[in-house]
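According to TrEMBL, the features are:
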ACT_SITE  H216  active site
BINDING   E85, H216, D220, G221, N222, G223, R224, V225, G226, R227, Y258  ATP binding site
DOMAIN    134-280  domain 'Fido'
Amino acid sequence: MNIKDFGKLAAGSISEITPFWGGKHCFDPEPLPPAWEFPTELWPLLNEAVAQLMLLEGVGRSLPNPTILLGPMRDREAILSSRMEGTFATPQQLLLYELEPIEASTESDPRNQFREVANYVKALEHADSSSLPTGLLLIRQMHERLLDGVRGENKEPGRFRRQQVAIGSDARFVPPPPERLTDFLDELDAYLAAEDRRFHPLVVCFLIHYQFETIHPFSDGNGRVGRLLLTHMIKQQCSLTMPWLHMSEYFSRDHGGYCNYLYRVSCSGEWQNWIEYCLQGVVRLAGEAVLRCDRLRRLRDEHFERLSKTRGAVRLHGIVEGLYQTPVVTIASLPEAYQVTYPTAKADVEKLVKLEILSEWPDKHPKTYYAPEIFDIAYEGL
Ligand SMILES: Nc1ncnc2c1ncn2[C@@H]1O[C@H](COP(=O)(O)OP(=O)(O)OP(=O)(O)O)[C@@H](O)[C@H]1O
């Protein structure tokens, strides 16, 4: 860590630590809230971000079935947040792994990565269904789910770190040492539980995201858990009915830029730039999510229109609705989910293929079908 980067306006202090591969200095952040005032020139952007978020909430709430939007958004978040940290799965690999999770046999087996991405989805779902307040216990549970069953050293699911870490192979940033972690985490926990009326709740989420990443409480998974927490906080702090907004898609468009904004807060207290950058992301992503939702809703109407001309439409409706949650099925996966016999499930799939709602995925055994039109909208650009 280049301590010359840290000036008088730094959002914390540099201190000496026991030398390790990343040097002999670390950064101790000041507890939240920062000694910074939200500037009047950011009000129009904040208003626009909140308006876009509320529009997304309205569109989401008006959906006949919220999974139309939530399923694809969760998957996109899991894929992109993991990709930022070098864990890769394509949408196809994620969906097929979820359909049939086969354990990885070695650390280098790519199924390890598919599992981590699938775990990310589970961690999002866990946070959403948990009745725990947003605090350290929930954060540990998210970490536990994220790294559950993943092979590799230093994973320690659900445990705060007991060793020094550094960010980047060049140790560009060194978080506080493990012996001071409890103090920093207790302060963060207290801030999470408090209601800070000095800042808009949406702004509070981004202050906390910075603080969490700067403390870096785990030996692995900090980037992803920080962004899982961010999704959850945006829902909670902004009183959304569902976690509609996920920020990784925005951060991943310029990973270096995102990390630089975080770094500049530490070095020179550049809260304004960080918050402005995040609010711009909210405007952009919420707008994109509204459009995606609109396209999925119109496609759903069109699918139901196609179904209305077919016998057995009521049962097929249920299957098609399920495709908006997960656009991939095997015949064998249907009988239990829809209380039908295997021959009925087979006939249903054949009807959906005829209606061009399902297509067979090439070279898959057992035969696997997916909904190409849903897939293209849900995973566009991934
Ligand atoms: N200068 C910085 N200050 C604070 N946080 C930062 C800084 N630079 C990057 N980060 C955060 O740290 C994350 C990466 O940290 P690191 O490489 O240690 O990941 P990790 O703990 O292995 O987590 P994961 O397994 O999710 O990658 C980034 O995605 C970003 O959220």
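Each residue, glycine too, has its Cβ placed from N, Cα and C.
Sequence features, as recorded in TrEMBL, placed on the structure.
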residue	record	DSSP (3 states)
E85	ATP binding site	coil
H216	active site	coil
N222	ATP binding site	helix
Y258	ATP binding site	helix
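Farthest C-alpha pair in the ATP-binding residues E85, H216, D220, G221, N222, G223, R224, V225, G226, R227, Y258: 19 Å apart.
E85 (ATP binding site): 16 other CB atoms within 10 A of its CB, across all protein chains. Summed and averaged per residue, pLDDT over the domain 'Fido' (134-280) gives 96.
DSSP labels the residues of the domain 'Fido' (134-280) in these numbers: 88 helix, 2 strand, 57 coil. For N222 (ATP binding site), the count of additional Cβ atoms within 10 Å of its Cβ stands at 21 [all protein chains shown].
Taking Cβ-Cβ distances under 8 Å and a sequence separation of 6 or more, the neighbours of Y258 (ATP binding site) in its chain are F251, S252, Y277.
In the structure shown, the C-beta of R224 has more C-beta neighbours within 10 angstroms than that of any other entry among the binding-site residues D220, R224, G226.
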